[in-house]
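J.: The feature coiled coil is assigned by Swiss-Prot to 197-239. Summarising the annotation, Swiss-Prot assigns compositional bias 'Basic and acidic residues' to 201-233, 243-252. According to Swiss-Prot, the region 'Disordered' annotation covers 199-252. The repeat 'TPR 1' feature in Swiss-Prot is assigned to 7-40. Per Swiss-Prot, the feature repeat 'TPR 2' maps to 41-74. Per Swiss-Prot, repeat 'TPR 3' is recorded for 75-108, and the stated evidence type is sequence analysis.
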Amino acid sequence: MVNKEEAQRLKELGNKCFQEGKYEEAVKYFSDAITNDPLDHVLYSNLSGAFASLGRFYEALESANKCISIKKDWPKGYIRKGCAEHGLRQLSNAEKTYLEGLKIDPNNKSLQDALSKVRNENMLENAQLIAHLNNIIENDPQLKSYKEENSNYPHELLNTIKSINSNPMNIRIILSTCHPKISEGVEKFFGFKFTGEGNDAEERQRQQREEEERRKKKEEEERKKKEEEEMKKQNRTPEQIQGDEHKLKVMN
């Protein structure tokens, strides 16, 4: 049931916490406010900002997308989305988002400044990546031969790597559409293969090892907890023990 008054009350509490730097509490208040008014775009914007302040950029992006889906003509939604993408280092995506916002409000100073900043970072990152890629290529005879065949090879490789960084969940799809020479360069850039049954088996083994480590860690924590409880029992005073015995008699 929609309760706008309660949503407004919770929103104000969330804003107060946000201003005080209590971002976890702000997330809770904004989330509770959304429960009371799930179609208020401002609440999703505020929630996105709180998540971003905590470095939880995937959640910030999700909230920003929801904000935009409710109110597409609100510039601040695009600021929130671009900020989340920036935090995820999806610089090309952030640039596109800020440009979308500027179509709605061409004179928005916040969008203009954010776009300028992300473009500068994108250029710097591209230069650093190209330098790193050229170093890899020069030290790999096979990749070096690809560059000799195609002088644009490093830039094609760069574009694919940036696509993967922007859409890491789609890495297999991206690589499946690439020329094999690009896929090979990408795998050498990241230092491991992404395709093939052998790699799937390696990934499963890695997951199994991690699961086993988590299980052992949990067992160790439980063992230590039991030991601490036993030590506490052994260190109890006579008065505490008599008190427990008295409680048992009363219960019986």
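The backbone N, Cα and C atoms fix where each Cβ goes, glycine too.
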J.: Please work out the helix, strand and coil residue numbers for the repeat 'TPR 2' (41-74) from the DSSP assignment.
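T.: Split by secondary structure, the repeat 'TPR 2' (41-74) comes out as 27 helix, 0 strand, 7 coil.
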J.: Considering every residue in the repeat 'TPR 3' (75-108), what is the mean pLDDT value?
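T.: Mean per-residue confidence for the repeat 'TPR 3' (75-108): 96 out of 100.
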J.: By DSSP assignment, list the helix, strand and coil residue numbers for the repeat 'TPR 1' (7-40), in that order.
T.: 27 helix, 0 strand, 7 coil
